[in-house]
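Engineer: Look at Swiss-Prot and you will find His99, Asp102 tagged as active site. What Swiss-Prot lists as Mg(2+) 1 binding site is Glu230, Glu266, Asp294, Asp337, and the listing cites sequence analysis. The Mg(2+) 2 binding site annotation in Swiss-Prot covers Glu266, His269, Asp305, Asp307.
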Amino acid sequence: MSYFPAVNHISYEGAKSDNPFAFKFYNPDEIVSGKTMAEHLRFSIAYWHTFTEALSDPFGAGTAIRPWNAYTGMDLAKARVEAAFEFFEKINVPYFCFHDVDIAPEGSSLKETYANLDVIVAMIKDYMKDSNTKLLWNTANNFTHPRFVGGAASSNEADVFAYSAAKVKKGLEIGKELGAENYVFWGGREGYESLLNTDLKLEMDNLGRFFHMAVDYAKEIGFDGQFLIEPKPKEPTTHQYDFDVATGYAFLQHYGLQDSFKFNIEANHATLAGHTFEHELRYARIHHMLGSVDANQGDPLLGWDTDEFPTDLYSTTLAMYEILQNGGLGRGGLNFDAKVRRGSFEADDLFFAHIAGMDSFAIGLKVAQQLIDDRVLEQFVDSRYQSYKEGIGREIVLGNTDFHQLEAHALSLGEIKTRSGRVERIKAIINQYLLNAFA
């Protein structure tokens with residue numbers, strides 16, 4: 001059975017194409033700075049938003065019309081696998097990602113849940129034999145079920161801690177079996193609503209203990225995927241322990257985990273934390289902690305996680321600038337943790353949305369590489385910080401001075417001349433590059 005009978009293979013047709021089922025800018029075979037676009041971008045499909053999302057909201061029921069929704073239970077899970085691999089093949093993406101409950105329903109017991117997972121994992125593994133699509137990462141959903149009301153690894157209930165560990169243990173086994181290149185930890189409920197009833201130190205210490213156990217078990221079974229933490233400041237909890245990259249990095253350092261983890265950075269989560277996407281990418285990059293990306297965008301007018309498909313070319317350009325400066329994402333990728341809008345409820349909309357996102361990052365890639373080749377931003381930054389390349393500034397950078405010498409230098413100064421930041425000029429130049437890239 002075909003779940004998308006009206007859709008053929010999605011291919012690159014160029015900017016002048018009016019075919020909605022074609023890439024306008026993403027040409028997977030096009031060479032950009034020695035690598036193909038496909039090698040640079042490493043796109044991934046989010047199983048949950050694409051194949052399980054009902055498009056409901058707090059004010060209304062789901063609107064999604066999906067041919068596989070005629071089934072229920074394990075039959076539905078199997079139909080979703082069939083639909084997923086048809087979708088992967090037609091849009092030609094190299095990777096996909098999932099939570100455990102995305103691919104198989106929870107049973108009435110943990111043992112039954114394991115059995116359901118075993119059936120679907122075997123089916124996915126069989127499909128992967130004839131597919132070019134691989135598993136970028138998998139993870140455990142330790143936030144949806146009511147048992148996680150007080151958290152998972154940070155729960156006030158030791159039984160919930162144990163249950164969460166069992167799910168991650170199974171997830172690591174699945175990751176190894178399916179060849180996952182990474183394993184993600186998103187602490188959806190690892191946080192608190194009120195300090196009045198929270199043992200903050202115990203919860204954070206337990207979270208650290210949990211991560212160490214995960215590292216140990218991965219080594220025990222020979223799972224060599226990269227561990228990734230996905231920061232988010234709030235929602236569903238009021239304050240989450242992995243607020244942003246800086247907070248997460250401090251946590252990892254405090255618990256001696258910084259050599260075992262990197263970060264999976266989501267654009268919309270950066271927005272919720274009061275940061276730009278590129279800020280979070282830059283902070284991770286300069287600390288050698290940039291592992292993977294959840295490619296989406298948020299609505300700056302709203303205060304929650306809208307998970308829109310990325311179409312902001314300014315954002316994709318600055319994101320790709322950071323990724324290119326990082327030397328790529330290594331084993332990571334660009335996972336579309338994004339859902340179509342509630343009014344875009346037909347199955348074809350899934351293709352339109354992913355095409356838009358892939359084209360947007362293709363544009364961002366080419367513009368970012370041109371900015372790097374021409375040293376546009378580097379020239380402005382080098383000029384702005386010129387004072388640290390000579391004189392007292394160079395002595396500061398080299399660690400060859402102290403407060404006594406700096407005071408003596410300051411006393412010898414007249415009026416200090418400062419330099420313009422030229423930020424408006426820089427933004428105008430970026431606009432030029434965006435407009436000229438495909439002119």
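Glycine too: its Cβ is placed from the backbone N, Cα and C atoms.
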Engineer: Take the mean position of the Cβ atoms of Glu266, His269, Asp305, Asp307, the recorded Mg(2+) 2 site. Which other residues of that chain put their Cβ within 8 Å of it?
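Structural biologist: Here the nearby residues are Lys232, Ala267, Asn268, Thr271, Leu272, Asp294, Asn296, Gly298, Thr306, Asp337.
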Engineer: If the Mg(2+) 1 site is taken as the center of the Cβ atoms of Glu230, Glu266, Asp294, Asp337, which further residues of that chain fall within 8 Å of it by their Cβ?
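Structural biologist: Result: Trp186, Asn264, Ile265, Ala267, Asn268, His269, Val293, Asn296, Asn335.
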Engineer: Distance between Asp307 (Mg(2+) 2 binding site) and Glu266 (Mg(2+) 1 binding site) at the Cα atoms, whole Å?
Structural biologist: 9
Engineer: What does the structure give for the C-alpha distance between His99 (active site) and Asp294 (Mg(2+) 1 binding site)? Integer Å is fine.
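Structural biologist: Here the two Cα atoms lie 14 Å apart.
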Engineer: Asp305 (Mg(2+) 2 binding site) to Glu266 (Mg(2+) 1 binding site): how many Å between their Cα atoms?
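Structural biologist: Counting only the Cα atoms, the answer is 10 Å.
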Engineer: Which residue, out of the binding-site residues Glu230, Asp294, Asp305, Asp307, Asp337, shows the minimum number of other Cβ atoms inside 10 Å of its Cβ in this structure?
Structural biologist: Asp305
Engineer: Tell me the Cβ neighbour count for Glu266 (Mg(2+) 1 binding site), meaning other Cβ atoms within 10 Å of its Cβ, over all protein chains shown.
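Structural biologist: The answer is 27 other Cβ atoms.
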Engineer: Which of the listed recorded positions (His99, His269) has the least company, meaning the fewest other Cβ atoms within 10 Å of its Cβ?
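Structural biologist: It is His99 that, of the recorded positions His99, His269, has the fewest other Cβ atoms within 10 Å.
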Engineer: Applying a 10 Å Cβ distance cut-off over all chains shown, what neighbour count does Asp102 (active site) have?
Structural biologist: 23
